[in-house]
Amino acid sequence: KLFFSGLTAMEKKLAEYKCNTNEAIQLKLVRFPEDLEDDNTTFNPEYSHQVFGDDEVAFGYKGLKILLYYIAGNLSTLFRIEYTSKVNEKFDCVEADDVESKIREIIPPGFCTNTDDFVSLLEKEVNFKPFGMLLHTYAIHNEEAGEDITYQIYKADMTCPGFREYHERLQTFLMWFIETASFIDVDDERWNYFLVFEKYNKDGATLFATVGYMTVYNYYVYPDKTRPRVSQMLILPPFQGEGHGAQLLETVHRYYMSSPTVLDITAEDPSENYVKLRDFVLVKLCQDLLCFSPAKLMQGFSQEMVTEAQQKLKINKQHTRRVYEILRLRATNMGDAEQSRSYRLDVKRRLIGPYKKKQRELAKMRRCLRPEEMTNQLNQIDLNMQREQLEESFQQLVSDYRRVLERLAQA
């Protein structure tokens, strides 16, 4: 009895030494020395499971802070660990997690460990210039600052001096903000890198801050074409929700549009947010093509749409189909029973494709396994479930499409 109560007291004590790593990790993009003390400039990861395991917990510390501060432009890094107390092997018979080596595994060497070194690097930041070739400049009105802020998008590659080291620092952010992130093989020359920077002023000079980036891999398509595939895309949290993702994706499309050897652009395992962003950008690019005129939309999805979107805008067939459905929704009066029914059937016909395939496979299996009556009953049950699922998918799709159209109307 005594032993057990002792154990739980010990367990209680040790439980106090567990820290949620998403809260413990504090990130900053630093422009001015005073940013170091300003809590408003701190942001936290969305994920840390790739570094700290599925529980996203570090054991052995109270008040653990893992500071990862980056200079806004070239991303020189300050890495420090702070805590109020730590378990001790001698007294507590347990060992604290080696937090430092876990972080060192993903951040490149050459970081600062004290604030003074970091601040003196900050003074040299005025020499930092974006890498590569300028593709696009745009401005966004900032309410807080009460002025327009200028942003620029560059295309870079590993031949740009200093870019390899910069990219190593930049990609560490993927671990904290993309659930299934992995680092890429930068020695493969088929990677393209697109970077977004903000221009800002400091003591009368113009400086550049990193906003986000995208990596694209150029797949070879026989005999003489390439199919660029978007691999990773990240807009850093302080800049999210301002429209940079759309600017970046549109700029990348425009870059490849001018290349005669590019077939079309795809994406690797896209997230839901990325699909919404892509819908918006592609609809914006396509809406003025002749093949998407309201009259032609009402006649249904056509090969002409596929060809024109691919040749002029490098959009693949699957994505063109979504663009068609979104633009047709805009052209459809959903209050009109006939128009609404026609739209619903058109979209559901596409959605039912995978179901029908599954149906055929099931029927094949059952022919071998079950008597005829049984099959018919099962098919009936399946069909009712299918109808519900189909209706649900359709409603979800329409509400996603409406959001795209609302954003388009504001653009």
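Backbone N, Cα and C define each Cβ position, glycine as well.
Taking the Cβ of E268 (active site, proton donor/acceptor) as centre and 10 Å as the limit, one finds 11 other Cβ atoms among all the protein chains shown. Residues annotated as active site, proton donor/acceptor in TrEMBL: E268.
Averaged across the domain 'Histone acetyl transferase HAT1 N-terminal' (17-179), pLDDT in this predicted model comes to 94. Look at TrEMBL and you will find 17-179 tagged as domain 'Histone acetyl transferase HAT1 N-terminal'.
Taken from TrEMBL, the feature domain 'Histone acetyltransferase type B catalytic subunit C-terminal' covers 278-329.
The site 'Interaction with histone H4 N-terminus' annotation in TrEMBL covers W191. If you draw a 10 Å sphere around the CB of W191 (site 'Interaction with histone H4 N-terminus'), it holds 17 other CB atoms from the protein chains shown.
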Euclidean distance between Cα atoms of E268 (active site, proton donor/acceptor) and W191 (site 'Interaction with histone H4 N-terminus'), Å: 14
